[in-house]
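> Just dropping this structure here.
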2 protein chains.
Amino acid sequence: MKVVSTIKEVRDAVREWRKEGLTVGFVPTMGYLHEGHKSLIDKAVEENDRVVVSIFVNPTQFGPNEDLESYPRDLERDSSLCSDSGVNVIFTPQREEMYPEGFCTSINMTGLTENLCGKSRPVHFGGVCTVVTKLFNIVAPDKAYFGQKDAQQLAIIKRMVSDLNLNIEVVGCPIIREEDGLAKSSRNTYLSKEERRAAVILSKSLKLGLEAINSGERNSRNIIELIKGNIESEKLAKIDYVQIVDLLSMKDVETIEKPVLVAIAVYIGKTRLIDNFIFEI
Amino acid sequence: MKVVSTIKEVRDAVREWRKEGLTVGFVPTMGYLHEGHKSLIDKAVEENDRVVVSIFVNPTQFGPNEDLESYPRDLERDSSLCSDSGVNVIFTPQREEMYPEGFCTSINMTGLTENLCGKSRPVHFGGVCTVVTKLFNIVAPDKAYFGQKDAQQLAIIKRMVSDLNLNIEVVGCPIIREEDGLAKSSRNTYLSKEERRAAVILSKSLKLGLEAINSGERNSRNIIELIKGNIESEKLAKIDYVQIVDLLSMKDVETIEKPVLVAIAVYIGKTRLIDNFIFEI
């Protein structure tokens with residue numbers, strides 16, 4: 001496995017593979033890899049001849065008061081995980097390699113980006129779309145892998161790839177959870193012991209919501225109230241949003257009649273965590 | 001030569017060429033081809049094994065009061081010109097092929113887009129960037145050809161290709177002129193006989209400006225006033241802008257010390273025409 005930091009090195013590696021007719025899978029990450037990332041990498045290794053993982057804490061997708069500086073980093077551990085998993089190239093660019101002086105282009109989306117996380121993080125998805133397009137153009141993979149935990153991001157990337165005619169298959173992969181149900185996230189590392197215990201309220205509350213839907217409840221308001229009530233029973237939790245949205249448009253639905261995403265964002269102390277499930281009707 | 005209207009057909013054609021190891025040149029146009037376009041096509045044919053020309057009057061780069069509906073179209077004549085020039089594929093998509101229902105992604109640029117034509121046409125360059133990126137992703141050429149007549153567009157496309165890491169070489173080609181000096185443009189067809197005669201004022205005034213610079217004048221204001229004064233001597237002409245800008249940043253310069261673009265936009269009657277020259281110091 002090679003660890004490279006320049007665009008040229010990635011392109012050179014991929015060009016050689018292409019000459020041999022090999023397929024290329026790509027897993028874009030911000031590093032501090034956990035089993036969620038590992039599940040994406042494993043799928044990429046399984047489905048492609050060669051795999052590139054990018055590790056880049058992209059500054060343009062963080063708002064001014066968000067956790068860009070404190071976002072956890074551990075390239076050594078990440079490299080071991082990648083190497084053990086069969087990754088061929090890790091791409092870890094510096095900020096200047098991705099955003100050289102004079103950089104002034106951005107990719108934006110209306111609609112899908114305005115609800116859920118887009119509401120509380122107004123610059124976030126523009127930053128994500130821009131960096132992902134750049135990475136897609138640098139690596140030029142056949143397939144790229146994203147986690148369902150960032151459900152809105154996945155929907156946005158799929159839409160963007162379609163809108164911009166990028167010739168890449170976007171593969172969504174299921175949420176990986178801790179034993180008690182907490183969705184794996186690099187941000188879990190911010191949690192104190194007490195907060196970590198409290199954080200299980202996200203998945204527990206979603207489970208209640210799913211049970212209600214499975215029992216026939218179709219009124220979004222009732223389900224949202226049920227989930228909210230449960231989250232509020234945890235004193236360390238503060239709700240950012242609990243919403244039920246159409247799986248394609250990310251717009252709120254009143255009654256569940258088509259596939260929906262039930263998505264929540266909750267602060268546990270100062271740490272903002274997200275979780276969700278899809279209900280396919 | 002094939003004339004195709006779906007993305008799939010273009011991709012299929014290019015894929016076959018790539019299998020044979022052939023290079024691909026691309027000339028994106030809005031059709032109604034003239035000798036300016038032909039010079040781009042000739043260069044593309046000369047420098048590549050296969051050439052794709054797109055003909056698409058892109059609605060998203062026209063403002064609400066601009067000439068989208070009246071923009072001249074003549075696919076039959078365009079096809080002959082392309083066929084005679086050695087083009088392999090013409091791509092003429094319908095609007096729905098490029099912008100299907102739910103389309104919501106756009107590419108925007110700050111800086112370079114805000115001066116010159118961007119000032120009078122605020123949505124223009126966002127529309128250009130978005131459609132050109134889509135076309136680049138559809139055709140995936142080695143090289144793409146643009147005219148220096150749209151100098152700001154050329155600078156923007158080069159910056160965008162660099163910023164988004166598109167793996168395409170952007171080639172700028174010189175302005176092609178009528179015998180009396182008028183820059184070739186599809187919009188020249190709007191001009192009445194009297195207006196056509198008056199339109200020569202653009203290139204004539206620029207020539208005066210160039211002569212002044214060649215004689216050692218370096219003060220932008222003096223050169224601009226000289227050009228403006230000359231344009232105003234033509235009663236059918238109404239100035240949109242006369243500016244001298246840095247060739248890379250498209251920002252106004254007071255004193256000519258680095259390569260500059262001297263660019264003008266002038267209404268002749270209701271028709272807005274542009275022209276420019278580069279001065280390499």
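Using N, Cα and C of the backbone, Cβ positions are placed for all residues, glycine too.
TrEMBL entries are annotated by machine, without manual review.
Since this is a predicted model, take the numbers as computed values, not measurements.
According to TrEMBL:
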type	residues	note
BINDING	B:30-37, B:147-150, B:Ile176, B:184-187	ATP binding site
ACT_SITE	B:His37	active site, proton donor
BINDING	B:Gln61	beta-alanine binding site
BINDING	B:Gln61, B:Gln153	(R)-pantoate binding site
> Would you identify which of the binding-site residues B:Met30, B:Leu33, B:Ile176 has the most other C-beta atoms lying within 10 angstroms of its C-beta?
B:Leu33
> With Cβ-Cβ distance below 8 Å and at least 6 positions apart along the chain, what are the contacts of B:Gln148 (ATP binding site)? List them in sequence order.
B:Leu154, B:Gly172, B:Cys173, B:Pro174, B:Ile175, B:Asn276, B:Ile278
> Take the C-alpha atoms of B:Met30 (ATP binding site) and B:Gln61 (beta-alanine binding site) and report the distance between them in angstrom, rounded.
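So the alpha carbons of B:Met30 (ATP binding site) and B:Gln61 (beta-alanine binding site) sit roughly 11 Å from each other.
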> Mind checking which of B:Gln61, B:Gln153 has the fewest other CB atoms within 10 A of its CB? They're the binding-site residues.
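Counting other Cβ atoms within 10 Å of each of the binding-site residues B:Gln61, B:Gln153 gives the minimum at B:Gln61.
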> Three states by DSSP: which one describes B:Gly36 (ATP binding site)?
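Reduced to three states, the DSSP call for B:Gly36 (ATP binding site) is helix.
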> List only the single closest residue to B:Ser186 (ATP binding site), chosen from the recorded positions B:His37, B:Gln61, B:Gln153 by CA-CA distance.
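Comparing Cα positions, the candidate nearest B:Ser186 (ATP binding site) turns out to be B:His37.
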> Cα of B:Gly36 (ATP binding site) to Cα of the residue listed as 'beta-alanine binding site': how many Å, rounded?
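Each residue's Cα considered, B:Gly36 (ATP binding site) and the residue listed as 'beta-alanine binding site' end up 20 Å apart.
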> Under a criterion of Cβ-Cβ distance under 8 Å and sequence separation of at least 6, what residues of the same chain contact B:His37 (active site, proton donor)?
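Within the chain, B:His37 (active site, proton donor) has Cβ neighbours under 8 Å at B:Val27, B:Thr29, B:Leu81, B:Gly147.
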> Of all the binding-site residues given, B:Gly36, B:Ser186, which has the fewest Cβ neighbours within 10 Å once its own Cβ is left out?
B:Ser186
> Cα-Cα separation of B:Gln61 (beta-alanine binding site) and B:Gln153 ((R)-pantoate binding site), in Å?
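Their Cα atoms are separated by 12 Å.
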